[in-house]
Structure formats: structure tokens, C-alpha cells
Amino acid sequence: MAGGVYIDDTGVKHYEARVTFFVLVTCMVAATGGLIFGYDLGISGGVTSMEEFLKLFFPSVYKNQKNKTGHENNWCKFDSQLLTLFTSSLYLAALVASFFASAMTRKFGRRLSMLLGGFIFFLGAIINGAARNIEMLIVGRVLLGVGVGFANQSVPVYLSEMAPAKLRGALNIGFQMAITIGILIANLVNYGSNKIKGGWGWRLSLGLAAVPATIMTVGSFFLPDTPNSLIDRGHTDRAKKMLQKIRGTNNVDEEFEDLVSASEAAKEVKHPWRNITKRRYRPQLAITFLIPFFQQLTGINVIMFYAPVLFKTIGFGDDASLMSAVITGGVNVLATFVSVFSVDRFGRRVLFLEGGVQMVVSQIAVGVILGLKFGTDGEGSLSKGYADFVLFLICAYVAAFAWSWGPLGWLVPSEICPLEIRSAGQAINVSVNMFFTFIIAQLFLSMLCHMKFGLFFFFAAFVVTMTIFIFYFLPETKSVPIEEMNRAWKAHWFWGKYIPSDAVHGHGHCSPNV
């Protein structure tokens, strides 16, 4: 392997790299940034189904729930814009924060963004746990959102830059794995805290978000910066030593030169936001926008935020609804392991396509059963057999998402952008994700009330659309080094015409001013 590099049949370079213990530990610590996002996703749905919490902050919803005239409409039990604002305000804050995080990630490095994100999230958790009124609750949520915005901006980029190309998929999915573990822990906490006598269990649920925030903040403090980030900020000697350390070899000259030339090209770009709109970056712009857009329109966050509310709506009791959320959370974690072990072996496209088909089948089946049992007036109930079957279908849906659109929705946008537009590309990914998470979170309970079982068909139609999109428009990116990604675009039947020839010669970089 001359100079620590070989070139395969497609002209893509592969650098010499061992999988070092240092890299594995570093990536595991960084991935804990996903814990704060996951814990929050899981906790809010459980808390909003707790009676004491509703009584204190959302008395009208509590009253609605207790309406036992015999003609209550199950679909509309939780329809309250204020209640959904509690959940969704976080995502609006994360959206705004991701733009500030983008500039900070570029100027001061990835780890400082992670450190700041963890600390702000910690403050939000303390305020939420101590909340006395709706204002305190919303302020706490906004601070949590700022923390999530910083973490989701910096962690996937950090992981993609630290990992060797052949393991980039698996290590980057560590972020998604941490999200799913966070969701499962939150579901278990909710199940336990709901049993606390005295009605303060919800405080424990919200306040415990400080634990993953502490792990992330302390972990980030000890993390090294990525070679890309060090080069970017002029520390070339430290960057080379770091590259040798994370690749487990001194034979890194070729990869180091490629990183330096990528950084020089990136420095010529004074306005990464303007730059990413240029014709030559059209594939990256399209993918960093459409993948997070589609990821939210799978309907997954409906299940994740509101699993207990959803299960309660379709007739599960208090404990049963929280327990069902624990079951779906467990499936989520286990299925993410499938992705970790297969993403670098079978590639991104296979997982995207199989997951899409499985999600569509599950959603249509759930919609049909709920339509037959509840109709449009929302009156009715599920027998135990039907309830168990609905839970099984939702688990099949969650599993499909967990090994496809879940992890790949973060992995693919973070690995396809050249350095000169990487922070802008990741900010687009996070902000689009957060914007549509906000929209879905804010509208879901109203949509459930008005569209009823048709909501499942609504999301299934989007899953069909996005599966077709992946089939035609996403090239395979497994094992392609980040700085060589233009070759994959150039070879694509549609995107190839946007990539100028000089973008795939030499080191795979281009003059950013073309």
C-alpha cells in the first residue's frame, strides 16, 4: 500500500487505517450526545399522559379525558394546542440554535459545540423539573431545544470525521443508537415515575434529563478535536499527530495532504451558505434537505413522542400504554443494532429500501384495523387480541425505521458534504429535521382528531414517495472516504451532470469559486 493509500476500480482512494481502541472510545463518548435527544423524545409523551401533570398545567385536557358520558371521541381526547406547544417548542428552539451552532462548530471546533449543548440542556432539565407554571415549563423546553440543536449539529459531523471510512457507518450510527437508548430509558423512567404516590413523578421524569446532559458535558470536556477541525483552525502539527493516533499508523501522509487541501479549498469559501446553493453542490443540497424532511414524514415521531398518548387513545389503560411504549422503545434499540452490523456490509440503499417497504405495510395494516374498530366517530374499543396485534404492527414499523431511516437519516447527510460546505450542510440537515419535527409535534394531536385512522395512510403515502426517491436518486456511499465522495456523485445517472470534472481529479477537491 504505497504511501498508505490504494485506489479501487472506481477510482476511489482508500487510506490505510486500523480500528483503534482510542477511536472506538472517542466515538462512543461523542455518541452520548444522542442520549439527550432520545431521552427528551421519549419523556415528553409519557409525561403528557400523566394525570397529575395534566391537572397542574393543562386542566382542560384533563377535564376532556375524564369526560365519561359514554360518547367520548377517542380520537380527540388530547387535542390541545397548548399541550402540543409544550412538546414542540423544543424543536423550534433547536432549529434556531442549529444555525448558531453551525458557525461555532466551524470556528471553534466540534467538541466545544458539544460541551455547550450539554451544559444548556442541563439547565433546561433543572428548570423543567422544578416548574411551577406553564411559563417555566416552556422556558425549560426552549433551553433543552438549544442544547439539542448544538448536539445534533456537532455530534454526527464529529463521528464522520473521526471514523475510518470502512467503519464510518457503524460508528456514526452510535449517535442513533444513543438516541434509541435515551428513548428506552425515558419510557422506563415514565413507567416507574407514574407509580409514585403524591403526584410528583412527572418532576422526576423531566428532572432526570440532567443525567444524560451531565454525561455529554463531562465527556465532551475530555474529547480530542477532529483532525479536520484542527487543520481548519491552523493547528496542522497537532492534526497530523491526531490523525496518526486515530488511524493507528504513522503512514497517513496521503490522507493528511487530502485533508489539508480540503481545508484550503474550504477557507476560500467566505460564505458556505451561499456556496452550498451553487450548481456543483446541488446533490448535497437536495439530499441534506430531502432526507430529514422525509425522515419526519415517516410518522416516526408520532409514535415516539406520543406513544403513551396514542396507546391510551386506542384504548390501552394508563399502565398498559406506558408499558407498550417501553416495548416499542426496546424494539427500537434492538433493531438499531441490525443497522450497526449491516450498514457497512450491505450499504445504505438496501436498508433504506427494505425499511421503506416494511413501514408502508405496517402503517396501512394499523390504519385498516383502527378504521374498522373505531370508525370516524372514534367510539369503540379494541379486544385484547386486536390490541396486541396493533402493538405488534407498530413494533414492526418501529423496527424498520430503526434500521433504515432512523440512523441513515443522520449518517448520510453528515458524510456526503465536502469540508467547504460541511457545517452548512449539517445545519440544513438539523434545521429541516427540527422544523418538520416541530410541525408534526404541533399538529399531530389535531391531525389525529380530524384525520383519525386516515393519519396512518397519510404517512404511508409519504413513505412510498421517499422509498422511490432513494431508489432513483441516492448513490451508494458505503466505504467511500468523505473527501472522495464527489466520485460517487459523478458516476450517478442524474447527479453526474452537476459535478464538474475537476471535482474528481487530483485530491478530489475543487476550486470552490466555480
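Backbone N, Cα and C atoms are what each Cβ position is placed from, and that goes for glycine too.
If you look up TrEMBL, you'll see 21-39 (among others) marked as transmembrane segment. Under 8 Å from some Cβ of the transmembrane segment (21-39) lie the Cβ atoms of residues 114, 117-118, 121, 144, 147-148, 151-152, 154-155, 158-159, 162-164, 171, 174-186, 208-209, 212-213, 215-216, 219-220, 222-224, 245-246, 248, all in the same chain and six or more residues away from its ends.
Look at TrEMBL and you will find 26-478 tagged as domain 'Major facilitator superfamily (MFS) profile'.
Residues 40, 44-45, 48, 54, 57-58, 61, 134, 137-138, 141-150, 152-153, 305, 427, 430-431, 434-435, 437-438, 441-446 of the same chain lie 6 or more positions beyond the ends of the transmembrane segment (82-100) yet place their CB under 8 Å from a CB of it. The transmembrane segment annotation in TrEMBL covers 82-100 (among others).
Residues 30, 33, 36, 57, 101, 104-105, 137, 139-151, 153-155, 158, 203-204, 206-210, 213-221, 223 of the same chain lie 6 or more positions beyond the ends of the transmembrane segment (112-131) yet place their CB under 8 Å from a CB of it. Annotation source TrEMBL lists transmembrane segment at 112-131 (among others).
Residues annotated as transmembrane segment in TrEMBL: 137-159 (among others).
Long-range contacts of the transmembrane segment (171-189) within the same chain: residues 23-24, 27-28, 30-43, 46, 155-156, 159-160, 162-163, 204-205, 208, 212, 304, 307, 322, 325-326, 328-330, 332-333, 336-337, 339-340, 343, 402, 406-407, 410-411, 414-415, each at least 6 residues beyond the stretch ends and with a Cβ under 8 Å from a Cβ of the stretch. Per TrEMBL, the feature transmembrane segment maps to 171-189 (among others).
Annotation source TrEMBL lists transmembrane segment at 201-223 (among others). Same-chain residues lying 6 or more positions outside the transmembrane segment (201-223) and placing a CB less than 8 Å from one of its CB atoms are 26, 29-30, 32-33, 35-36, 39-40, 43, 46-47, 50, 52-53, 111-112, 114-115, 117-119, 121-122, 124-126, 128-131, 140, 144, 147, 151, 158, 182, 186, 189-190, 192-195.
The transmembrane segment annotation in TrEMBL covers 285-309 (among others).
Residues 42, 45-46, 49, 169-170, 173-174, 176-177, 180-181, 183-184, 186-188, 190-191, 194, 303, 307-312, 350-351, 391, 394-395, 398-404, 406-408, 411, 478 of the same chain lie 6+ residues outside the transmembrane segment (321-343) yet bring a C-beta within less than 8 angstroms of a C-beta in it. Here TrEMBL flags 321-343 (among others) as transmembrane segment.
Residues annotated as transmembrane segment in TrEMBL: 350-374 (among others).
Marked as transmembrane segment by TrEMBL: 386-406 (among others).
The transmembrane segment feature in TrEMBL is assigned to 427-447 (among others). Long-range contacts of the transmembrane segment (427-447) within the same chain: residues 78-81, 83-85, 87-88, 91-92, 94-95, 98-99, 101-102, 145, 148-149, 152-153, 156, 276, 285, 288-289, 291-293, 295-297, 299, 301-302, 305-306, 309, 409-410, 413-414, 455, 458, each at least 6 residues beyond the stretch ends and with a Cβ under 8 Å from a Cβ of the stretch.
Tertiary proximity for the transmembrane segment (453-474) is limited to same-chain residues at least six positions away from its ends with a CB under 8 Å from its CB atoms, namely 286-287, 290, 294, 297-299, 302, 348-349, 352-353, 356-357, 359-360, 363-364, 366-368, 370-371, 374, 405, 412, 447, 494-495. TrEMBL lists 453-474 (among others) with the feature transmembrane segment.
Residues 27, 30-31, 33-34, 36-37, 40, 57, 85-86, 89-98, 100-102, 104-105, 110-111, 113-114, 116-128, 131, 168, 171-172, 174-175, 206, 209, 213, 216, 223, 226, 410-411, 413-414, 422-423, 426-427, 429-430, 433-434 of the same chain sit 6 or more residues outside the transmembrane segment (137-159) yet have a Cβ under 8 Å from a Cβ within it. Restricting the average to the domain 'Major facilitator superfamily (MFS) profile' (26-478) gives a pLDDT of 88.
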